[in-house]
Amino acid sequence: MAAHMKTRFLINKFKDSVCFIQRRNRVKTKWASTRAKFPATNLALQHFDATYKNYFGELWPSVRMGMLSEQKYGALMNNFASNADVISTLQSQGCRDFIRDGERDTHKISDESEQNDLPSAETARISSHIQCFVFPRGDITRFKPARPDSTGLLSYYLLDAASVLPVLALDIRPGQTVLDLCAGPGGKTLAILQTQAARFLWANDLSGSRTARLQRTLQSYVPKELRGEDKLRITSLDGRKWRNMEDHKFDRVLVDVPCTTDRHSLMEDENNIFKRSRTKERQTLPLLQIELLLAGLQATRPGGELLYSTCSLSQLQNECVVQQAVSLAQQEMDITVQVQDLSGFTRLFSDTFHFAPQPALGELVLPHLCANFGPIYLCKLLRVS
Ligand SMILES: C[S@@+](CC[C@H](N)C(=O)[O-])C[C@H]1O[C@@H](n2cnc3c(N)ncnc32)[C@H](O)[C@@H]1O
């Protein structure tokens, strides 16, 4: 009880500093906000210009232009469907599996690492079962919608190719148990299943409608016999409650939190978190993210690993959340966590994605006109005890 109150106290302290930064930014934008009504997409752009310009400096104009332009997709191949013909068609159009290319580069990178004293690419083991096809850099051809095979399963799932990276970095080994804490609508859940390594996967999302969408996606991509209760459980629970579920511990945990979904916030007024009516929800996002990350850490068995991810460029939602959660976990829950170095891993994919130069913690895919994926932030944590 006392520990819980202390956690609340520290979370409130973090909330105060978040509010201070937000108040400072509001002062700058107050004059603008009293003018004629802005659509939420404009408010998002104003907010990003005020915060990201300082952080990214001369990189910001290029990232901004990427985010305001059409996003590039990847085709996550469905290994449960018969897709040999689909793969050869995609290859004949110039597409390549960026994961297979990365694997091919492992040896080259190991040699480079030794010569230049860089982190080893050994930590960058990747699941060769996941295949994700992309058009070459600078090629903005769109994929056709996937078609069902003779058994009715769809051959691929279209998603931001960078959102496969958190699943690859999670490095699920054969026979492991996996929790996907915020799973809807299900792109990463499907990628986890494509590894064909998890003995048991628990996919959860607070939202009933998103969980229903996840169910429908899995029905369209995964054979019924692989969706049995002993292999796959889907629930609609508040992920924060995982803190009280002591008897459920996992080898791997994915915490892909709700965030400001920066690209969506710039493009769509509908369901936009920058709407004035959602200001409070947006301002308290880092607190929700910390709570979900702490719950995820409690659900990870000692020796297990957790992957925290967002689709935002915000330092407050990325590095700051990780920093706060790691120190709260130690102080309040006696959980020791080590942040893992992913630089070897990201170097494998540097031909496909633009990574931000050295964020303080974790790795960040930056949108870029020639490779317009992301933003995706990922940070891997090892629960030591
Ligand atoms: C970024 S989305 C997840 C995307 C998903 N992993 C994918 O790849 O398709 C974040 C999700 O968190 C869910 N969410 C929000 N609050 C939550 C909570 N307290 N517990 C669990 N899920 C929550 C939202 O409904 C949303 O679907």
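Placed from the backbone N, Cα and C atoms, the Cβ positions cover glycine too.
The shown structure was predicted, so the numbers you read here are calculated from the model rather than taken from an experiment.
Residue environment of Cys311 (active site, nucleophile) contains 23 other Cβ atoms, counted within 10 Å of its Cβ in all protein chains. Annotation comment: TrEMBL describes Cys311 as active site, nucleophile.
Annotation source TrEMBL lists S-adenosyl-L-methionine binding site at Cys182, Ala183, Gly184, Pro185, Gly186, Gly187, Lys188, Asp205, Asp238, Asp256. Secondary structure at Cys182 (S-adenosyl-L-methionine binding site), taken from DSSP and collapsed to helix, strand or coil, is coil.
Summarising the annotation, TrEMBL assigns domain 'SAM-dependent MTase RsmB/NOP-type' to 85-384.
In the three-state DSSP scheme, Lys188 (S-adenosyl-L-methionine binding site) is classed as helix.
Geometry remark: Asp238 (S-adenosyl-L-methionine binding site) versus Cys311 (active site, nucleophile), CA distance 20 Å. For the pair Cys182 (S-adenosyl-L-methionine binding site) and Cys311 (active site, nucleophile), the Cα-Cα distance reads 13 Å. Across the residues annotated as binding S-adenosyl-L-methionine (Cys182, Ala183, Gly184, Pro185, Gly186, Gly187, Lys188, Asp205, Asp238, Asp256), the widest Cα-Cα separation comes to 20 Å. Distance between Cα atoms for Cys311 (active site, nucleophile) and Gly184 (S-adenosyl-L-methionine binding site): 14 Å, as a whole number.
Cβ environment of Gly186 (S-adenosyl-L-methionine binding site): Ala203, Arg213, Leu214, Thr217, Leu218 lie under 8 Å away, each six or more residues apart in the same chain.
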